[in-house]
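Taken straight from TrEMBL:
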type: BINDING; residues: Gly111, Ser112, Cys113, Gly114, Lys115, Thr116, Thr117; note: ATP binding site
type: DOMAIN; residues: 28-74; note: domain 'Mur ligase N-terminal catalytic'
type: DOMAIN; residues: 109-300; note: domain 'Mur ligase central'
type: DOMAIN; residues: 322-440; note: domain 'Mur ligase C-terminal'
Amino acid sequence: MELSLQALAERFGGEIVYPGEAYNITFSSINTDTRAINHGDVFIALKGPNFDGHNYLDVATRKGAAAAIVETPNTNLDLPQWCVGDSYKALGELGLASREKFNGKVIGVTGSCGKTTVKGMLAAICSLAGSTVATRGNLNNHIGVPLSLMRLANEHQFAVIEAGTSGPNEIKYLAELIQPHVAIVNNIMPVHVEGFGSVEAIAIDKAHLYRGLVEGGVGVLNVASAQQPTLLDALQGKKITRFNPELTDEAAEVRVQNIEQDTFGRAEFSAIIEGEEVELKLGVLGAHNVANALAAASAARAVGISVELIKRGLEKYTGDKGRMQLARVNEKLTVIDDTYNASPGSVKAAIDYAAQFERSAIVLGDMGELGEMRNSAHEEIGRYAQQKQIKQLWCTGEASRFTAQGYGPHAKWFEDKEQLKQALPMLCSSEVVVLVKGSRSTRMEQIVNALLASGEQK
């Protein structure tokens, strides 16, 4: 959306330094990184523990920035600058101003697991119904959400905005910016417990997305959630559409029946969408994605998209890098890259997926941000892998020592990834499907790259 520097300063305060023509500046694109800045962008100088964007104002000037948003102006530069008290707050205000000018439908997505997949599924569906903007990657925090909202334009009919959190009140702030017409809380699981203290506290925080619904907005509710009472409290007085991802009789507008899987675990199932039965075959791996598909279908119907387009969009979507991506390396080795992130719920879903293969192996890194649950949660994952009869479990990382202990004496634990890499030929000596997973901080994609390098990918 095109915004005016003068109007922003008048509304939100602050001072425009280097006035004159600066008051006439309008812009529709902002950037926080001078390496990616384009001529005519507005550069916003953010400060962090290890960086300060103010040090790059001269670079922004040379690259043709129209103006900059700063906390401390540099009057030596031929660059209009809006001087504010807090650049992060100003970034949020830019996102809010853009959102308020948008006339299309906005769908907000949050949850403990699967929210990026739901966002991707919705983007695939909505793009069949009209021009759509969606969160790129997982730019879902106090920086990414305003940047996503700034991409809204008059030609867009739909926006799918993902909201993530690692601590209290983040979703509340993001919901105030997103102002969704439809809000999804996909599920509640022990993710980022370190920042919240309990799963109940996570549910309370995620439910703020429901509280941020515009008047007449719709909340999409997972009836299988153990935290349903907390979520319903946030939905009082609001419209609700329910989805049921389990084969139970609990009432829901969108539900599943007759789930099957193909050779590589792509779900084939019947869905009942507001009374209409439709046969679906997902393009992503894993039966756990049935729940994500139902959430996306529920939201799509809430903004008026037909069941026919929902089916086409869901079957078209094939997932994102690092999220259940299959590569057939050679006759013996198949690799499943699920390294983008890991939590207890998502690791169990990955184990369920791997368990369908007769010769399966799982390579796990640590799960992060579990607080006091760290050791017990990792040990539980090991026991779960044993119960599901996973043939080989390899682990690396300090916390994953407990995963190996939970599995039993036949698990292999490596102090670091280099030791694990050296042992990979032993893992790949016979026909095997290897699934690799770990929290983002563990960079388990290095193991995937080593496996792919071991043979010519087909």
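The backbone N, Cα and C atoms fix where each Cβ goes, and this holds for glycine too.
The Cβ of Thr116 (ATP binding site) lies under 8 Å from the Cβ of Gly137, Asn138, Asn140, Glu162, Asp320, Arg323, Tyr340, each of these being in the same chain and 6 or more residues away along the sequence. Other residues of the chain with a Cβ within 8 Å of the Cβ centroid of Gly111, Ser112, Cys113, Gly114, Lys115, Thr116, Thr117, the ATP site, are Val109, Val118, Asn186, Asn187, Asn292. Classification of Thr117 (ATP binding site) by DSSP places it within a helix. Counting Cβ atoms from all protein chains shown, Gly114 (ATP binding site) has 25 others lying within 10 Å of its own Cβ. The residues of the domain 'Mur ligase C-terminal' (322-440), classed with DSSP into helix (H, G, I), strand (E, B) and coil, number 48 helix, 29 strand, 42 coil.
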